[in-house]
Amino acid sequence: MTETLPFTVLADDTAYAEAVQLAVDSAAAYYADGTSALDDDAYDRLVRGIQAYEEAHPEAVLPSSPTGKVAGGAVVGDVPHTVPMLSLDNVFGAEQLADWAAGLERRLGRPVTAWSVEPKLDGLAISARYRHGRLAQLVTRGDGSAGEDVSHAIGTIVGLPDRLADPVTVELRGEVMMTTAQFEAACAKRQAHDGTTFANPRSAAAGTLRAQDRPYVCELTFFGYGVVPPPDDHSELAVRLRELPHSQIMDWVAAQGVQTTAATPVAGIVADALERVQERVGEIAAVRAELPFGIDGIVIKCDLAADQAEAGFSSRAPRWAIAYKLPATEKITKLLGVEWNVGRTGVIAPRAVLEPVELDGSIVTYATLHNVADITRRGLMLGDSVTVYKAGDVIPRVEAPVVHLRTGDERPIEIPQVCPSCGDAIDSSQERWRCVRGRECRAIASIIYAVGRDQLDIEGLAENRVKQMLDAGLIADFADLFFLTREQLLGLERMGETSTDNLLAAIEQAKTRPLSRVFAALGVRGTGRSMSRRIARHFATMDAIRTADAEAIQQVDGIGSEKAPVVVAELIELAPLIDKLVQAGVNMTEPGATPPAEGEEPKVELPLAAMSVVVTGTMTGPLATLSRNEVNELIERAGGKASSSVSAKTSLLVAGEKAGSKRAKAESLGIRIVTPEEFAGQVHAFL
Ligand code: IVH
């Protein structure tokens with residue numbers, strides 16, 4: 001995690017004044033309707049630059065400076081808050097967090113009793129005023145002392161009920177945001193209405209919250225993170241809510257029927273030591289990419305009311321809480337071009353070429369654009385400023401154009417009329433466009449994949465060799481390899497006797513691979529290595545696979561109603577290739593598997609039966625020599641399901657050396673973790 005982020009260096013008073021103006025304008029646009037020209041990271045850097053300049057030149061500080069102000073001083077509203085709605089100070093790493101905590105404990109003159117650790121939700125702060133249990137008014141944060149009335153949004157916010165469980169008069173504070181699903185739905189509605197989309201969930205939520213006369217309604221989500229009883233209220237409940245630890249207040253909020261993060265994978269926890277806080281920060285960061293809503297950090301608060309009261313407030317933020325910012329997962333950059341790549345199966349995939357941008361720890365230059373329909377749906381144009389998203393090991397993707405940053409110089413994206421690889425026609429009947437020649441279009445890619453280490457594992461067949469054979473007309477697909485003669489191979493340039501014999505022996509050897517690998521070599525769309533193993537174990541023979549209809553295919557774990565017909569269609573398309581493999585004498589059975597009898601599930605007692613196992617880190621001990629694919633094969637021989645990502649469904653994590661985020665995630669989900677050695681002991685009979 002980044003400890004200190006660089007900041008914009010300001011040379012003189014003029015540069016400083018310009019920076020202040022830019023920050024003020026950006027904050028105004030950001031809090032108004034989410035249309036800032038700067039992404040979060042750029043804004044943070046700018047404000048830190050302003051801060052640094054002000055520290056060095058206190059005499060030059062402009063009154064309009066955003067430093068020390070809630071919402072950068074951007075917004076004013078006309079509804080006064082009963083208790084100010086403050087901001088949070090930030091830290092950007094473990095060391096800064098420790099410094100902050102040490103400073104706080106010095107101020108208190110004793111250790112903090114307990115910490116509450118919860119996600120920092122990436123939306124807009126709102127105050128929901130309930131009178132006698134009924135939702136009466138919604139107010140934005142504004143400048144912290146007064147906000148704007150947005151009560152018109154009542155009834156469109158999931159998690160914020162019209163009535164509380166008890167007829168109480170309180171103010172709930174929390175974040176209004178859009179979940180990923182709500183964002184997609186909102187974009188589709190806006191697209192249908194005016195042909196544009198929202199740049200990201202946060203600006204969509206900001207725009208939606210303030211929109212009054214839109215002809216379409218978009219749903220929002222609320223997560224509560226605090227309660228404010230009326231200041232003059234001295235009832236038993238009000239007193240209790242002022243005295244309870246934060247964690248228990250959140251339980252009360254949830255009991256009132258208001259959504260909190262309690263039911264999410266990043267639920268708030270109470271930590272008694274800073275080490276546990278830091279650990280929880282890691283856990284939350286590890287699951288961030290898979291959350292159904294955006295977070296931009298972790299909020300760490302003193303849990304006890306007494307600690308909070310003693311710590312007090314600065315003008316801008318409480319001293320008893322801090323925001324631990326996570327690296328940005330979204331940035332704005334320019335869409336420079338679109339490349340059209342034709343994959344192994346003939347699928348034509350557009351890829352965005354971007355002005356390089358640093359995102360979540362790596363430089364992003366390319367991002368997926370999914371398919372043509374996606375490009376048109378988002379109304380993308382060349383030269384557009386676009387929001388790009390990347391988190392963890394997620395493939396970077398272009399989210400949307402930032403429409404308000406258009407200059408008029410943007411050009412339409414040219415959609416190919418013919419296959420960019422071979423020039424033949426395009427089959428555009430499905431969302432994913434394909435060359436009409438299908439696999440033949442990219443025969444070389446299919447063959448190289450088929451002979452790869454995790455499939456047929458034919459040594460000595462490098463790309464240039466395959467190309468040579470294709471050019472000479474010796475092969476058209478990988479099944480043809482099994483019919484090559486010694487003379488044909490010797491006739492190729494740079495092919496001596498020894499390499500010919502070695503290659504022929506390797507090809508012969510490949511005929512004995514288990515069905516799972518032969519099936520994987522086919523490169524059936526929608527099935528990778530692990531799915532191929534599951535299919536092979538389930539059906540045991542190629543014949544059984546080929547006679548299965550979509551319903552029978554769906555019996556395989558992980559194949560749903562969408563994928564099953566694709567697999568069936570693919571097998572029909574691949575029939576001539578499979579026939580050729582059979583004719584060549586390639587093995588078509590899976591050792592140790594028996595085909596499923598009609599209507600009956602195979603009953604076997606295997607050590608990993610019904611378990612989903614994930615392997616991460618470097619393997620040691622008896623597993624040290626196995627490739628990751630071979631470890632996965634081992635898991636499946638022992639009856640388990642090998643999976644590449646940790647989720648609530650994971651039963652076991654085999655964590656080797658240098659295990660990173662998967663280990664943290666498994667820990668946060670309470671999943672059993674074993675060493676490679678322990679695991680090898682468990683499955684030794686299958687090694
Ligand atoms: S507590 C007195 N808890 O972050 C300040 N804020 O950058 C109380 N936010 O204005 C804020 N998640 O809009 C708190 N779990 C959380 C939060 C959270 C998101 C927002 C909130 C606040 C902003 C400060």
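Even glycines carry a Cβ here, placed using N, Cα and C.
All protein chains considered, the CB of Arg141 (NAD(+) binding site) has 24 other CB atoms within 10 Å. A coil conformation is recorded for Arg141 (NAD(+) binding site) in the three-state DSSP classification, outside any helix or strand. As annotated by TrEMBL, NAD(+) binding site applies to Asp40, Asp41, Ala42, Tyr43, Asp44, Ser87, Leu88, Glu118, Arg141, Glu175, Lys301, Lys325.
Under DSSP, Lys120 (active site, N6-AMP-lysine intermediate) is assigned to a strand (E or B) in the three-state scheme. Summarising the annotation, TrEMBL assigns active site, N6-AMP-lysine intermediate to Lys120.
DSSP assigns Cys419 (Zn(2+) binding site) to coil in the three-state reduction, placing it in neither a helix nor a strand. All protein chains considered, the CB of Cys419 (Zn(2+) binding site) has 22 other CB atoms within 10 Å. If you look up TrEMBL, you'll see Cys419, Cys422, Cys441 marked as Zn(2+) binding site.
What TrEMBL records for 603-677 is domain 'BRCT'. Residues belonging to the domain 'BRCT' (603-677) score a mean pLDDT of 87 in the model.
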Largest tally of Cβ atoms lying within 10 Å of a Cβ, found at which of the recorded positions Lys120, Lys301: Lys301
Least surrounded among the binding-site residues, given as Leu88, Cys441, when other CB atoms within 10 Å are counted: Leu88
Recorded positions close to ligand 1 - of Asp40, Ala42, Leu88, Lys120, Lys301, Cys422, only those whose C-beta is under 6 Å away: Leu88, Lys120
Number of other Cβ atoms within 10 Å of the Cβ of Asp44 (NAD(+) binding site) across all protein chains: 18
DSSP-derived class (H/G/I helix, E/B strand, else coil) of Asp40 (NAD(+) binding site): helix
Nearest of the binding-site residues (Ala42, Asp44, Arg141, Lys301) to Cys419 (Zn(2+) binding site) - Cα to Cα: Ala42
